[in-house]
Amino acid sequence: MSSRTSAPASIFILTGAGISAESGVETFRDKGGIWSKVRLEDVATPEAFMRDPEKVQAFYNARRASLKEVAPNPAHRALAKLEADYAGTVTLVTQNIDDLHERAGCRDVIHMHGELLIAFCAACGAREPAREALSPQDVCPRCGKVGTMRPDVVWFGEMPYHLDRILAALGEADLFVSIGTSGAVYPAAGFVAEAKRAGIETLELNLEPTEGSFQFDEARHGLASVLVPAFVEEVLAGCWG
Ligand SMILES: [Zn+2]
């Protein structure tokens with residue numbers, strides 16, 4: 001465990017469902033979450049998309065439409081403030097597919113599981129903004145194929161995005177902060193071990209203790225909308241260190 005002798009020059013932040021749940025975004029894995037009502041094999045795999053694109057598009061269209069009903073909360077806004085005001089480097093990686101970090105004002109968000117508001121052509125790789133519903137009849141604006149435009153979200157069996165950039169940033173960080181994530185989904189669940197191996201200080205901010213809490217140097221439990229602004233104030237005031 002590193003000693004707090006100076007403010008971290010580089011902070012690596014990982015966010016998960018817990019930060020958006022406080023804005024009213026339905027979670028996937030929690031008790032009562034989406035995967036307790038819908039079989040993920042039916043809607044969140046490449047095979048499901050080939051088998052029943054109508055069903056898969058309808059599922060993600062509903063998620064996309066629901067983003068219009070929610071707004072960023074103080075935790076999202078605090079991270080945007082950190083990104084804007086911190087003298088050091090801030091890397092923000094999210095497992096969330098919503099756009100609440102961006103709407104709070106974050107400029108550089110690494111979406112390791114993709115984004116609901118982008119469509120991706122399974123045939124040619126074209127990416128397009130997708131603010132409204134997608135349909136199996138959609139035509140790719142680049143290659144002209146029909147039915148290949150899918151939500152740009154990482155499905156089960158697919159590789160998360162930006163792992164090279166993420167691991168490089170983690171390797172250069174002085175502090176790893178995990179916010180609102182259960183620590184159950186790999187590869188993100190392995191970041192804390194990676195951070196510890198690199199001798200980086202680690203902090204968990206989560207509603208409740210997680211299976212991985214013991215791996216962190218420090219764990220604080222409570223609402224993200226309370227814990228995250230307090231943490232950001234500490235860092236910006238130079239009290240962290
Ligand atoms: Zn295409």
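Any Cβ shown, glycine's included, is placed from N, Cα and C.
Automatic, uncurated: that is what TrEMBL annotation is.
The model shown is predicted, which means the values in this text are computed figures rather than measured ones.
So that you can see what the record holds, here are the features copied from TrEMBL:
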| type | residues | note |
| --- | --- | --- |
| ACT_SITE | H113 | active site, proton acceptor |
| BINDING | 16-35, 95-98, 180-182, 206-208, A224 | NAD(+) binding site |
| BINDING | Y60, R63 | substrate binding site |
| BINDING | C121, C124, C140, C143 | Zn(2+) binding site |
| DOMAIN | 1-238 | domain 'Deacetylase sirtuin-type' |
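Filtering G16, F28, Y60, R63, Q95, C121 by Cβ distance to ligand 1 (under 6 A) retains the following binding-site residues: C121. Separation of the C-alpha atoms of Q95 (NAD(+) binding site) and H113 (active site, proton acceptor): 5 Å, rounded to the nearest whole number. DSSP assigns C121 (Zn(2+) binding site) to a strand. In this structure the alpha carbons, written CA, of C121 (Zn(2+) binding site) and Y60 (substrate binding site) are 15 Å apart. Less than 8 angstroms from the CB of H113 (active site, proton acceptor) sit T94, Q95, N96, I97, V153, V154, P160, Y161, each of them six or more residues away in the same chain. Each of the binding-site residues G24, G32, G180 was assessed for Cβ neighbours inside 10 Å, and the highest tally belongs to G180.
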